[in-house]
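TrEMBL lists C321, H380, D403 with the feature active site. The Ca(2+) binding site annotation in TrEMBL covers N443, D445, E492, E497. The annotation domain 'Transglutaminase-like' is assigned in TrEMBL to 313-406. For 1-34, the entry in TrEMBL reads region 'Disordered'.
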Amino acid sequence: MSETASTKKQKKPLLNGRRAVPSNNSNAEENEVPEMEVFGLTPRGFNPKDYLHVVDIHLFKEPYEINKQEHHTDKYYSPKLIVRRGQPFQIQIDFNKPYEPGTDQFWLEYLIGRYPQQNKGTYIPVLVGDELKPGEWGAKIIHKENNSIRLSVMSAATCIIGKFRLYVAISSPFGIFRTRRNAETDTYILFNPWCQQDAVFLDDEREREEYVLNDVGVIFHGDVNDIKLRSWSYGQFEENILDACLFLMDKAELELSGRGNAIKICRVASAVINSRDNDGVIAGSWDNSYAYGVAPSVWTGSVDILLEYYSSRQPVRYGQCWVFAGVFNTFLRCLGIPARVITNYSSAHDNNANLQLDFYLDEEGKVDTKTTKDSIWNYHCWNEAWMSRPDLPVGFGGWQVVDGTPQETSDGMYRCGPTSVQAIKHGHVCFQFDAPFVFAEVNSDIVYSRREKNGTQVIEKIDMTHVGKLIVTKEIGGDGMMDITEEYKFQEGSDEERLALETAVMYGVKKQVTQDAVYRPQTDVDMDFQVQKAVLGSDFKVTITFKNKSQNYYSAIAYFSGNIVFYTGVTKSEFKNHTFNVTLEPSSSSTFDVPIKSSEYLGELLDQASFHFFVTARINETGKILAVQKATVLEIPMLHIKTQGETVAGKEMFVVVEFTNPLSQTLENVTLRLEGPGVLRTMKKDFRQIPANSTLTWEVKCTPKRPGLRKLIASLNCDALRHVYGELNVQIQKL
């Protein structure tokens, strides 16, 4: 047996007795299509060349030609035809002789996957008619000249998203002739936010420009009191990214027949973006240990991650929430689903989804780390995707939360969404998918409680406003911040907010009322503190203020705890604790400063220079406890980028990256990374050392490909210093 025959034999699919045709869940696989199907016996002397046959097919697939221009796909770096569904496109067919409508009959065939079937939408015969119906497959002749005809082809507004193979079939009295398999005529069909019949239709051109066509974005991080931002290169149009995104659906084994449905695509993608269940794209790491990979802060965009995964088929190490969200955004925009990255400041990770984060205090008022399991992330990034929700009642379409960061399982896999933002706002958490979890992320209360010696649990304080304090995304058409908190929740304390909470509880969200707990809020004395803004490596102070609103004299013992934390709110180590006595005069305020020296925290510091401060105080006369907690982040130095020479498409230019080490120690094993979609592919350079207070300069030569306003993004990374970024907007002129 020949080698090809044996491999064909091995490739024969295993039938399992349950279905007549094996599952069709790979866009990459193909079937063999016969070039000729004969009807019975052919007469002697029959010559196929006597009949109409195809000489050539023109798809007008250059970026400047009509199809890519009208379908907003001219930015994709791909030689293939890329169109959006539900909108006509043009093709030209050259025959061996003039086409005669009365006697000649031909049609187009679009096939996807290995087992094409007409009823599954994976085999699509397109007949030539007199008119095109909106949102339905069809073709009509719009121009005839000599041996050529030009067709306008309409795809269905519900068409499968993916790469189709095109054949032209011609009928003769003795059989059907088809064009040969030709990869040059493969056609990609994407979602179409410009088409009213498409489930992802978005009726605002500025929003479509931002949420579909913008290939660079801004991701907000830091802390609610000290918001930081960094640019992220989505790069959805870069070479091979479209194929990499289609591969993700193959990897998730999503049936091809389900790939016209944005809801299904988002749900499976939220699982395959992370590696927890199925060796998906990115492996997460939150423990400050990045062996056999790179720190999440190194990445400046999605392209390197997706291309590495597409070639290696192995999870890329490592990511944290903004990396998952950045890559997910690329996937969605690449396929044509409008998408944006969201940051929720003070995001609750409520382990038992009871709308309550429990912080247990010991007798002295310190947090008991053994019994406190819930955590508050300084921030958490997820995505929103725009689509209609025909599976839900009217009014719950529009923006949907989807989250690729693995936090909790949903239907047995680490995934989250799509969840209607409108349903979250109104407390309708009964609607799929994962609404109770997202509702808790933005609406949980923080409950401070302690157990007295007689076993009674005393609730010292309930903070109803800390969680979900600010929810933001990038503004349309600029790099500024847009506050969208009101899209997720009504104003704190309003009647509507209370009603939304009651609705959520009615629909099954657990609102735990601690049994046998006594709530004794402290009303006489208020306590708060402020953290001085500081640059990494410098000393700073925390100022604690007590306000006695009563006519009584009080004394208190206060306890200050400073912790190095992961941005997820999980403590790595306590680096400072300080106990002091407080005397409170009637109707007066007192302030106390706690100095923080750089030597106390630098050796312990983690990726994002995050601190968590906790201040508790017990009033001696009443036994009441005051508790306040805040997260804060240090200012991290920036990279500076500048260009030298003319910035013209197709001409050589220079990019210079500069960095000054602000620390009083030498930085070792430093990696610099620079990228800019349309200007240069990602470049990396390693430096062994940057001495204290010295400046490093890196010069890069490149030739920009595309004119227009482009963005350069750089990152610096080493064990002692991470999350160092820089960016520069560059106007690339036409040649």
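Here the Cβ of each residue, glycine as well, is placed from N, Cα and C on the backbone.
A TrEMBL annotation is a machine prediction, not a hand-curated record.
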Using the CB centroid of N443, D445, E492, E497 as the Ca(2+) site centre, which other residues of the same chain sit with their CB within 8 A? M464, T465, V467, G468, K489, G493, L501
Nearest to D445 (Ca(2+) binding site) by C-alpha distance, among the active-site residues C321, H380, D403, is H380
To the nearest whole angstrom, state the Cα distance for the pair C321 (active site) and H380 (active site). 6
For E492 (Ca(2+) binding site) and H380 (active site), the CA-to-CA distance in whole Å is 20
Say we define neighbours as other CB atoms within 10 Å of the CB. Which of the recorded positions D403, D445, E492, E497 has the fewest? E492
Length of the line joining the Cα atoms of H380 (active site) and D403 (active site), in Å: 10
So which one is it: of the recorded positions H380, N443, which has the fewest other Cβ atoms within 10 Å? N443
Around the Cβ of C321 (active site), how many other Cβ atoms lie within 10 Å? Please give the count over every shown protein chain. 28
Reported as an integer number of Å, what is the Cα distance between D403 (active site) and E497 (Ca(2+) binding site)? 24
